[in-house]
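Visitor: Pulled from TrEMBL, these are the listed features:
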type: SIGNAL; residues: 1-22; note: signal peptide
type: TRANSMEM; residues: 287-308; note: transmembrane segment
type: TRANSMEM; residues: 351-377; note: transmembrane segment
type: TRANSMEM; residues: 389-408; note: transmembrane segment
type: TRANSMEM; residues: 420-444; note: transmembrane segment
type: TRANSMEM; residues: 456-478; note: transmembrane segment
type: TRANSMEM; residues: 508-533; note: transmembrane segment
type: TRANSMEM; residues: 539-562; note: transmembrane segment
type: TRANSMEM; residues: 574-598; note: transmembrane segment
type: TRANSMEM; residues: 610-639; note: transmembrane segment
Amino acid sequence: MQMMSRPSNGLLLLSLISHVSAFYLPGVSPRNYIYGEDVTLKVNKLDSVRTQLPYEYYSLPFCSPDKINPSAENLGEILSGDKIENSLYKISMKLIESCKILCRKTYGKHELQQFEAKIRDEYHVNWIIDNLPAATKYYTEEIGEDGSEGTYESHYLKGFPLGYVATEEDPEPDSEAGAAYIHNHARLVLFYHEDVHSFNGYRIVAFEVEAYSVKHQVDGNWNGAQTKLHTCTPLNPVRRSQPPQPVSGTDSEEIIWSYDVQWESSPIKWASRWDVYFKMTDSKVHWFSIINSIAVVLFLSAMVAMIVTRTLHRDLLRYNSPEEREEAQEETGWKLIHGDVFRPPAFAHGLCVLVGTGYQLIGMSIVTLFFAVLGFLSPANRGGLMTSMLLLFVLMGIFAGFASTFLGKIFGLEDWRKTSFVTSVCFPGIAFGVFFILNAMVWGEASSGAVPFGTLVALLVLWFGMNVPLVYIGAYISSKRPALELPMKVKVHPREIPEQVWYAQAPFLALLGGILPFAACFIEIFFIMSSVWMHQFYYMFGFLFIVFIILTITCAEISIVATYFQLCYEDYHWWWRSFCTSGFSAIYLFLYSIMYYYTKMRIDHFVSSALYFGYMALISLGFFVLTGTIGFSATFFFVHKIYSSVKVD
């Protein structure tokens, strides 16, 4: 995807990364069609960014086949509310159809109100042909660098609107302001690629839909699918003379559903057919913001590392110098608390559980990103990303059990079974509880997003049948290993902590420390949230992998710096503080989600708002555990290292 006409070397490198993330590995093989072969059109859910509640396509009284056959779906598709079914549309390879009638139906007041309600909630229709989702093309103006009028660039929106509500400025003829009109005519534009030197037949590489609202008039007598419609052709995409088809303000309405099929040759190869879906309206802003964030975070990280290294090196020389050892003992500093620095913290069990869960999330994130960058989790594999994340989280339970027990042995906790049990049920239990409550609310709305009972049972089997045993296995392995030897012995009586200045207090340092990790990734967070809540495609896994590395470095360094200065103030309660310093970036994530809700979302339904804030709170909790574990682990290694380097009489 060409982002700029004259890219620099840095942009060329980033472009290579983005192409790697969109690369297809073998797994979805292309299908070659011959001339006149049937092309199947399947219908998927109706969705809306305004309600976030998907519905089955045939929950509205569309033209339906005599027998509706649902397609097999994976776990990720079920959790995302996908419901793929067959349809009445008849399409043949390279055969052009014009004004083909699908069906004629007379609707009563209740059915018209169903259409009107979904139109006012801005629902979109989703169709699938050859595993490609239907898309609506739209254009944005690219302003020149000198501020002059630029060119228009095409972009794609997933699905197409069910209808529209007329406004005072609406150019449609015979439309009434405030009335709802349904798109009952669809022009299907299918693009195919042909290469006689590489394969036989034709491959579908793009699927566009142009939706129209037309109050059809029959030319002569009704003769089923052979009836002639003189109001259908030609259709001007900009302005038409035919009146639109209303669904409001009437108790009964006859609607004729029709469609066109157009075929166009395309130079796009099958492996690159998803590229057009990945075009972003703010592409330049995205690229330059990512580059800027990387540069700023790396610069700050280098400064922090330099300051800590030079200061710590001077301290070690002073403490280990025979001439200055007696003088150093009279000074204040981090060495004076060597007998308390490894004293177990309060609520040690809770910290072990959080750290174990954090390693489970870290392992899931790393493996998921690895396969996503290689292209295994492309959008062509519908539901694959969510399915992979769930399975990987379960499989990483062995690391959760190992880490929680390993830390518990350092704290002197003897009951490793209790620690491993709480680790296996705490975070998954919270996640399942929130999911179950929200799912019940979605079920009350009769949405296809409600997970059926069988899938809930499958999730419980994954939890108790796989995750819990794997956590116990990891804990058992860790319990058989010797505990890590600490460089300092803990004194019997705890040392009194001097009164701390206000800027050295735990809440201030945690809130201040959480800013930098959040700043390292908030641009990617914006695009991920747009993908999740605005139903856009996200594929920049190469960028996301780089941002994850930067986030890891930032969390580690900010926690180390905060802990070092805390120890210099003779405060040895660093265990929880090192976790919260980087983990509090989750607070800024949740605050940002609130701002996103009021600035980007247009939700006005209680259930939809509950879904948004419920899932964002759950995501923020996971982000807190993940970033906190990174900061804690780096700080523990740092503290263990510096106290191993000093000599204590």
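Glycine is treated like the rest: Cβ placed from N, Cα and C.
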Visitor: Using a threshold of three or more Cβ pairs below 8 Å, and leaving out pairs closer than 6 in sequence, do the transmembrane segment (351-377) and the transmembrane segment (574-598) count as in contact?
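Guide: Stretch pair touches.
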Visitor: Under 8 Å for C-beta pairs, could you tell me which stretch among 456-478, 508-533, 539-562, 610-639 has the largest tally with the transmembrane segment (351-377)?
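Guide: Against the transmembrane segment (351-377), the leading stretch is 610-639.
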Visitor: Quickly jot the same-chain residues contacting the transmembrane segment (508-533) by Cβ under 8 Å, restricted to those at least six beyond its ends, or write none.
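Guide: Same-chain residues near the transmembrane segment (508-533) but 6 or more away: 49, 52, 280, 286, 289-290, 293, 296-297, 300, 502, 540, 543-544, 547-548, 550-551, 554-555, 558-559, 562, 566, 577, 580-589, 592-593, 596, 600-601, 612, 627.
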